[in-house]
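**Student:** Encoded as structure tokens, here's the structure I'll be asking about.
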């Protein structure tokens with residue numbers, strides 16, 4: 001007999017009363033759960049919505065089987081008198097007795113309403129109706145269209161074809177349940193998740209998405225929901241506990257004490273099954289860290305730290321082995337049972353995972369081919385004429401059948417039509433089993449009830465939630481961010497410092513590059529004299545040194561690009577402000593610029609023999625620091641514009657080459673054509689280059705050309721010195737001016753005038769360079785605002 005039962009499909013199997021009783025703890029009350037295929041002796045139900053109340057002390061800590069069954073019969077009779085006439089299934093479990101309402105054969109614990117009434121309907125129902133989304137399909141072909149050679153070859157341009165990604169998709173997801181969206185690659189799973197999570201522009205998406213029958217404001221949805229992306233976007237050098245703690249500091253309100261935040265993190269670690277990996281770093285290709293399944297659970301934990309009411313997940317089991325995938329979905333089951341609506345896409349669930357799902361929505365090329373509980377798959381495909389064989393995974397059978405139908409010219413249209421007729425015939429029965437499918441509470445009441453039960457830690461800690469209506473302004477809705485600006489900036493700065501501290505090799509390599517560059521320049525331009533050749537060599541040193549500062553800053557380009565998608569994920573649901581990120585990014589990077597500036601100045605200033613003494617040295621340090629500041633700002637701005645390093649580095653290198661070309665080193669300002677003069681003033685290298693020149697040549701008492709040195713850099717330089725002296729005397733007699741061998745011909749200011757460096761002072765150049773750094777960071781902020789809108793067009 002047992003062998004025959006084992007061969008039955010899982011959704012037709014019932015647990016015997018003896019099996020149910022074996023799962024009952026020896027003391028406590030009873031939970032009554034809808035459903036019948038979640039009985040697992042080794043993995044008992046956890047994470048119920050309402051915490052079980054302790055049973056009163058009795059003399060005997062255990063109950064007999066007859067007493068337990070009597071309690072079940074009494075509960076069934078009570079529920080039958082108050083609920084619908086349709087039978088419900090119950091599970092004996094530790095906790096209070098609450099009659100369940102099953103939305104599918106894999107039922108879940110029902111939840112009481114605000115007043116804790118037994119048998120209350122599900123508070124949250126996420127309903128979507130007739131969702132349709134189309135995009136313009138790019139025309140494939142050559143870049144340049146062929147030119148017609150005759151009238152017969154002329155063709156009318158084709159109108160852009162529209163590709164429908166979602167075609168009238170309808171359904172609903174309930175609190176305490178997991179709704180899974182299934183389908184082959186390209187069927188529209190991720191698109192549907194994005195549509196439900198309001199990640200598609202409203203003007204492009206047709207249909208309606210409501211929660212408890214009410215449309216949701218975008219800010220409200222961000223507060224009460226979370227979206228877990230398919231990729232694990234985490235900082236590799238943070239531990240699991242640190243990652244969740246930083247997420248708690250972002251998402252949980254400032255009014256919540258730090259101890260309570262830590263308690264929330266510790267509870268979440270236990271809920272996710274990450275206790276053994278709490279102090280292990282996330283890791284990446286170069287650093288060994290947690291496993292793939294643990295990393296995926298951390299990704300989920302980061303987004304549910306504030307205990308959201310609605311949770312969207314895009315293929316959370318992708319890339320995981322069977323055991324890890326089952327553990328992830330098991331965690332999602334606990335989250336759903338704690339009072340959340342869980343909607344996820346999944347490619348091909350295993351037999352065990354299917355037992356954890358409540359509602360299935362199969363898609364084929366954007367159309368619904370099945371919507372309903374897992375237990376109805378057998379009858380659905382039996383009616384279609386394709387019965388599911390025993391011991392075969394129903395989802396694998398369904399997906400294989402859909403793929404087979406998609407290879408035919410008409411596609412899965414027959415299955416789509418069969419689903420429509422089946423829904424009309426079976427839909428009322430399913431809704432009757434679901435207690436009508438209508439929420440008993442309004443959206444505001446349901447959110448307030450959830451907050452009073454401890455959910456939705458951020459947003460409104462007092463239990464009062466303002467739900468925007470058509471007459472109220474969007475600004476009157478819930479608070480957009482959980483924390484003020486300075487709290488966000490402090491947490492971001494602390495996290496960035498930890499990452500920097502644990503990757504010291506990045507700064508060490510950068511410091512080594514600056515020291516090596518300074519050493520090479522110092523040994524080449526060692527102790528320059530005050531001759532005309534020394535002047536030219538100083539100009540070469542200044543041009544190479546200042547441009548090197550900017551080229552060295554190009555390593556700031558991958559800093560944001562490496563964490564770009566982490567930033568997009570965190571800001572998509574208002575974890576922090578973009579301005580907080582920009583300022584913390586600036587604060588963290590500035591100390592290293594100071595160290596690099598002093599290292600380069602100490603290495604080169606005294607070795608080259610630059611003038612100015614202590615005052616000149618500190619100004620040289622300041623202008624080098626300003627160059628680093630402006631250069632890193634420029635690279636940071638480009639990192640917000642470009643999308644990858646391969647595209648960013650050519651832009652940085654070529655742009656800095658143009659800046660050097662127009663800086664005034666290769667051609668003076670008064671020799672640059674007027675139509676390129678604007679580029680001269682836009683050059684970042686111009687201002688630090690002219691600043692160090694003025695710092696070096698501003699002393700009028702310092703002479704750089706004396707007597708016969710005036711013949712240097714001319715064809716007369718090859719003449720013997722006595723002949724040069726005779727030429728000086730002849731010039732003196734002709735001009736009536738005494739020009740001797742020690743007569744100063746050109747001073748520092750004279751040389752500056754020759755180089756057309758006269759329009760600004762050195763302090764003007766310093767402050768303009770600093771202003772460039774601020775300007776690029778403002779542009780970086782604007783790029784983040786304009787480029788981080790996570791919505792499809």
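Quick reminder: no glycine exception, Cβ is built from N, Cα and C everywhere.
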**Student:** Among 507-528, 683-704, 705-726, find the range that TrEMBL records as transmembrane segment.
**Tutor:** 507-528
**Student:** Pick from 617-640, 737-760: which range does TrEMBL record as transmembrane segment?
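**Tutor:** Going through 617-640, 737-760 one by one, TrEMBL flags 617-640 as transmembrane segment.
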**Student:** So which of 507-528, 540-561, 582-611, 617-640 is most in touch with the transmembrane segment (647-667), counting Cβ pairs under 8 Å?
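**Tutor:** Out of the listed stretches, 540-561 contacts the transmembrane segment (647-667) most.
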**Student:** Apart from its near flanks, which chain residues at least 6 from the ends of the transmembrane segment (507-528) lie with a Cβ under 8 angstroms of it?
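**Tutor:** Answer is 500, 534, 537-538, 540-541, 544-545, 548, 552, 555, 592, 595-596, 599-600, 603-604, 607-609.
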**Student:** Near the transmembrane segment (617-640), which same-chain residues lie under 8 Å Cβ to Cβ, leaving out any that are not at least 6 residues past its ends?
**Tutor:** 545-546, 549-561, 564, 585, 589-590, 593-594, 596-598, 600-601, 605-606, 610, 648, 651-652, 655, 684, 688, 691-692, 695, 762, 765-766, 769-770, 772-777, 779-780, 783-784, 787
